[in-house]
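Participant: Let me give you the structure first, and then I'll get to my questions.
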Amino acid sequence: MQTVRTQRKPLVNDVFSPLPLYRSAPALEVRLEDFELFAMDRLRVLKGISDGLSRGKRAEEMVKLEKDLWTKNMRQPHPSEDLNKDIISHFVLRLVYCRTEDLRKWFLSMETALFRYRFGQKTPEVQRALMAEFGLSYKAVSNSEFESVKDKLVQVERSIGQKDVPTAGAIFYKVPFEEVPELVASRRVFILKGHAYIAANQVVSLVATQFRSHLSKALILTNRKWTSTIREQENDRLSPIVEALSTSYLGPDYSQPKGFSEISVKDIEALAKSSFPLCMRHLFDKLKEDHHLKHGGRMQLGLFLKVVSHGIFWHHCPMLQAGLILGVGLKLDDALSFWKTEFSQKVGAERFDKEYAYGIRHNYGREGKRTDYTPYSCQKIISSTPSVGDHHGCPYRHFRLLFGSKSYPSGCIKWYQSHAPSSGTNVSEGAACGLGPHIGSKGEGRGGDGGEENLRAALSKMGVNSRAMEDVMDKVQNRHYQLACTLTFEAVHGASCDSGINHPNQYFSDSQKILQAKNHSNAA
């Protein structure tokens, strides 16, 4: 698959099945714009599926969700182009997600879930054709064999809550049990002499297992090609796109939120308590406590607070022309005053002016190359790696890094040392500073829940009740950090957030909407 800037040759032809199996990359040219846009649209589908599964949606809810996601993001103006976009987007994301084990695992799971849904929507004839493409030429069991095991099949169907029990004429396939591990693990099939009897509506598990196996091997091969040749060859063109897509933020542009007025320095503390997400509230609290933040913390909190400079975007932004305010709402002058008030207590006003004021003006596009930087998304914050003395990043993720496994990298120990309740404690030598009961002299984990208690205390301070706390901690343990933040939002505000939290400024914006609505209601 080659990328070009202005041309694209048609892809669809008779050799492709009604549901692509993505066996090999197509021989076609793809516009560079489509290369990225198609991938981002498919990524919205996969991330939507991931959020739905993580939220524990029922099977019928997932079917509706996947249908809506596919219709919204993958449909083209002309139906004949749907297959092109489907295949192109898959292979682009295969390139994006082949690069690490964690990326491969996530992509493999989400693509398999998507395949299961799409396979289930096909007619029996198409399903049988897809089975044949995988070499699954299993024949339905004969009537006599069906009758001999009918009672057992009925027992299985009843045990899994099926109202319609098998009757004469029902289609069942007999397959080696190792080819349907999902059904065997959940005890949804009858096994006899090494073979599982699967109903026609369970064939999807058989085919999905084959799809997953083929895709898993393909991801390994793609990774080898990427590291050996593609990355170097496409260093100036495709590599930056590929490396950025796995952490792309796909939601609204929260450098330009709507409908809220500017804030002043005196407003920040109250807003931090009512509407800041945990990552920003933690940074704000540490700033007030230490009167200093390192570069990563200043960038994360500063961009969250800022207002995009009017002078740069006035002629290009209709929101500005309409008089709407961008960002949380802290103007440059107020930002300088805010940071100077805190930092001068530790480094003095003169040193602040010399060493730190330039960076703040730079973030607002008033220095250097005049770039007006936008606030960080959740994906960017989660992927950051705080080091000694840092406080930025995602508290939900860093909690898991420190306490979610039996061993801890030295960088994580150093990170916790900078956050420890008693400053100056040498965590790496096993001293007890909250982490002491969990990490020994060589950094090995010792179990316990000291770190969990710290996170629980922070959540409790935000107003998360004990019942919601358990749900949040469950998401943290399972690496669903944005869902943990979403559940925190819902617990704090007593309102649902179906779209999920994908950006700290979204958290702030949605919080303010809810609080303002409550204030108006009380006033009425």
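Placed from the backbone N, Cα and C atoms, the Cβ positions cover glycine too.
Checked TrEMBL, it gives:
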- 270-398: domain 'DNA primase large subunit C-terminal' (DOMAIN)
- C279, C378, C394: [4Fe-4S] cluster binding site (BINDING)
- 452-508: domain 'DNA primase large subunit C-terminal' (DOMAIN)
Participant: Tell me which residues of the chain lie with their Cβ under 8 angstroms from that of C279 ([4Fe-4S] cluster binding site), as long as they are six or more apart in sequence?
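Facilitator: Same-chain residues close to C279 ([4Fe-4S] cluster binding site) (Cβ under 8 Å, separated by 6 or more) are Q300, I381, H392, G393, C394, P395, P504.
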Participant: Looking at the domain 'DNA primase large subunit C-terminal' (452-508) alone, can you tell me the average pLDDT?
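Facilitator: For the domain 'DNA primase large subunit C-terminal' (452-508), the model's average pLDDT rounds to 91.
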Participant: Including all protein chains shown, what's the count of other C-beta atoms within 10 A of the C-beta of C394 ([4Fe-4S] cluster binding site)?
Facilitator: 27
Participant: Determine how many residues of the domain 'DNA primase large subunit C-terminal' (452-508) DSSP places in helix, in strand and in coil.
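Facilitator: Once the DSSP states are binned, the domain 'DNA primase large subunit C-terminal' (452-508) shows 41 helix, 0 strand, 16 coil.
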Participant: Report the residues of the chain - excluding C279, C378, C394 - with C-beta within 8 Å of the mean position of the site's C-beta atoms, for the recorded [4Fe-4S] cluster site, in sequence order.
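Facilitator: Not counting the recorded site residues, we get P277, L278, I381, I382, G393, P395, Y396, R397, Y481, Q482, C485, P504.
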Participant: Within 10 angstroms of the C-beta of C378 ([4Fe-4S] cluster binding site), what count of other C-beta atoms is obtained when all protein chains are considered?
Facilitator: 26
Participant: Using DSSP, what's the helix, strand and coil tally for the domain 'DNA primase large subunit C-terminal' (270-398)?
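Facilitator: Final tally across the stretch: 77 helix, 4 strand, 48 coil.
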